Structures are given as C-alpha cells and as structure tokens.
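Structure, as structure tokens:
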Amino acid sequence: MTDRPERYAPAQIALHWGILVLFALNVLIGDGMEEALRLRLDGALPAGLSARVHPPVGVVVLLLTLIRIGLRWQNGAPALPETVPPLMARASHWMHMALYALLIAIPLTGMMAWGGGLRAAGEVHEALITATLILVAGHAAAALVHHFVLKDGLLRRMSPRG
C-alpha cells in the first residue's frame, strides 16, 4: 500500500471506541472475578454480575481486537504529522503494538483462568490489566498533547466526527 489515508476508516474508529468502552466496563465490573474464580475452582457455582458478564465481554473484546488488527492491516493507518520527531513516532508505533498485544493476551489469560482453572493465569491477567491501564493513560495523554499543545490535528484521525 503506497497511499496512506488521512483518517482511520469509520469501522476502525468504531472499533477503537467500542473496545475502549467494553474494556472499561470489564475493569469496572471485574472486582468480583477474583472471588468468583476462587468459588469456581472450589467447585461452587459463582453468581453475580461479574461472573455472568465479565467473561463474555472479554471474549468480545478479543474478537473485536482481532477484527481491528485485520482492518489496520487491510486499510493501513494514517501517517503521523511530519512534525512528529522520529523517536516519538517509534514510541507511538510500539505503544500501539503493545496495546494490541495486551488486548489479545488479557482475554486469553482470562480464559485460561476461568475456563482452564489456572489460578496463576488469573494473576497474570490482573498484571496485564494494570499494564494496559498505564498504557491507555499514556496513549490518552499523548493524544491530548497533540491536540492542545502541538495542535497538529492528530486527534481528528480517530474522532468519530473528524
């Protein structure tokens, strides 16, 4: 692909924000999962919102992330503004790759814990969520710096309204 789009495709934008909402939902309702997993591993049937909603939402996040990666591969990504220094461009690339990897690894470790009964996978799952929250905060901060400080239009590439 030689031509790079000016903005992300509408489907990419919808997936970006949809995944964010679902991930945030799962973080908010995930507090009860440690107890639900303990009950499940002890042979009990866990009840409650976390046990009913958190696992399927995690699977949806995984599937939407895979679709998003496929669309990025198919459609590409807009070029960064020419004013972005090379080091910042590399950091942006690797942050995106790390976020994609984490959005795949988190549901997989959750499945290993919940479906496979591996308590250690649950601990890894929690650590990956913490790492993702840190990266998401950095990602959002960088987008806001581009918008309010650098004023380079970068944020509009992922805005639903353009």
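Even glycines carry a Cβ here, placed using N, Cα and C.
Taken verbatim from TrEMBL:
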DOMAIN    7-159  domain 'Cytochrome b561 bacterial/Ni-hydrogenase'
TRANSMEM  12-33  transmembrane segment
TRANSMEM  53-71  transmembrane segment
TRANSMEM  97-115  transmembrane segment
TRANSMEM  127-150  transmembrane segment
Stretch in 12-33, 53-71, 97-115 most in contact with the transmembrane segment (127-150), if contact is a CB pair under 8 A: 97-115
Mean predicted confidence [pLDDT] for the domain 'Cytochrome b561 bacterial/Ni-hydrogenase' (7-159): 96
